[in-house]
Amino acid sequence: MAGAPGVGPGGGAGGGAAAGLKTYFKTPEGRYKLQYEKTHSAVLHYSHGGKTVSQLTVAYLKEKPASQGSQPSTPSSSSGMRSAAARLLGSGNGSKALSFGGGNGANRAVAGSSRLGGGLGTSTNLGGSQGVTNYDGKGTYIVFNAADTLFISDLNSQEKDPIKSIHFSNSNPLCHAFDPEAKEGHDLIIGMGSGDVYSMSLRQQLQDPGRKPVAAQHYNKGDKDGSSNGSRCTSVAWVPEREGIFVVSHSDGNLYVYDKNKDGNTDCTFPAVKDQSQFMVVHAKSSKSNPVARWHICQGSINAISFSPDGAYLATVGRDGYLRVFDFSKEQLIFGGRSYYGALLCCTWSSDGKYLLTGGEDDLVQVWSMDDRKIVAWGEGHNSWVSGVAFDSYWSPPSSDGNGENVYRFGSVGQDTQLLLWDLALDEIVVPLRHPSSASPTFSGGSPAHWENACPPTGVLQPSPRMRDVPKLSPLVAHRVHADPLSGLVFTNESILTICREGLIKIWARPDQSENNQQSNSSEFILGSPVPKDRVITSSNKAGSSFKKPSSVLVT
């Protein structure tokens, strides 16, 4: 499946009203309930280069340092309610933001100003900069792109429309990343369809009422050989523990390393890539050049990149179907492996850096081990391409037997419009026992991934193993969350965020949070017509967790 057919302007907003969509889904720990939605209105600008798929970034903006000017958050007539709302969410998502794919859509033009939605159910229009310069901005925001516009919404507010839109006149923004640990200066980077990159301050964008980027730094990778000109940006990421360093991947298989503290417009020339199939790193000749290095990763597009939490390792997935894991400092390929079919589209790390997830055109979710340097499990449950994967680092199993540390919860979304939740229990994973004389494998509950102990040598790309030789996972729950194909998800402390290609974002409150929200907000909205009770589909193979749960998949 190559994605869903397009919808007209405003189609993303209409997706939430599709008949048959439930406003909750069940898990062993309770119900996740649809809390509210975010989207954009139906005013489309010119879309440079055709229709684009958005990306979703959750950005936690810390309190404004005193050294950066005005005193933080003195409530005023124009920003008092917003500032108060931002503070209510100050203890929410304080971890490094995750970035995933998103939907298509449009921007709402507010006559001469950006519309600030009040976090307490009110809204104010700021016609000028008065009162805005003192705006602290502390809180959690949703950043997503659609067509030629970047949108910013307040995660704390139930206001559906964005509070800020930034219009780009020459190209479409395709990907972005936020650095919550940025000590000074710019913390938001944006990759464009033209291959150009911009960095800017999120707080400065929120303070300005206009619709153009404010004090943005423009970077151009500067290849003069013509081989990379026009190659679109596919993913951007800040390097953890490396202040001011970020990387940008492109559709031509190249990845560039930038330093935000250097001038972005210095002349920088890299030699032509002679062998598209070979990994090669070239550093800029001048210490003043930016980008500072070019990594040629693969032939064809790099579709996604992700750094390990400590910044030591960089994972990439590409059009050629390979996951590659590099030692970033040593600029060395550690290991790699291939999908079962087609391209890989997304990747992410566990919070402890021990495991990676990948998803792609084979409709599978694959679990990779850094220790074993290979795939250790694969999950079957999607009916189309897997477009987003993420570990839930905020979840902990409701058990008291001390085995919770061996259980990982993760999620995946796909073009089949479904959100799947999975439990990876390393002590109870189903391991195939190979019998060469038998046409079909037998299964046994044993220690994880020890059916073949050989660790691949460093720097070697491995073919995909036989599926019957790798433990199989089945999802804990499968829920159709949108009417349109999904392209990203993010876990926060209070909720799960999902986004479809058409620009509709849904916030699903966790079981403990949804109970509190139901008590404080009696106006829970209902989407679509009633649906019969959950259908239970029996699964033959599962990965159990350390707490008891039904050996079935909940399709809600």
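Cβ atoms here come from the backbone N, Cα and C positions, even for glycine.
Between the stretches 114-137, 210-233, TrEMBL puts its region 'Disordered' entry on 210-233. For the repeat 'WD' (302-336), DSSP puts the residue distribution at 0 helix, 23 strand, 12 coil. In the repeat 'WD' (337-378), helix, strand and coil residues by DSSP number 0 helix, 25 strand, 17 coil.
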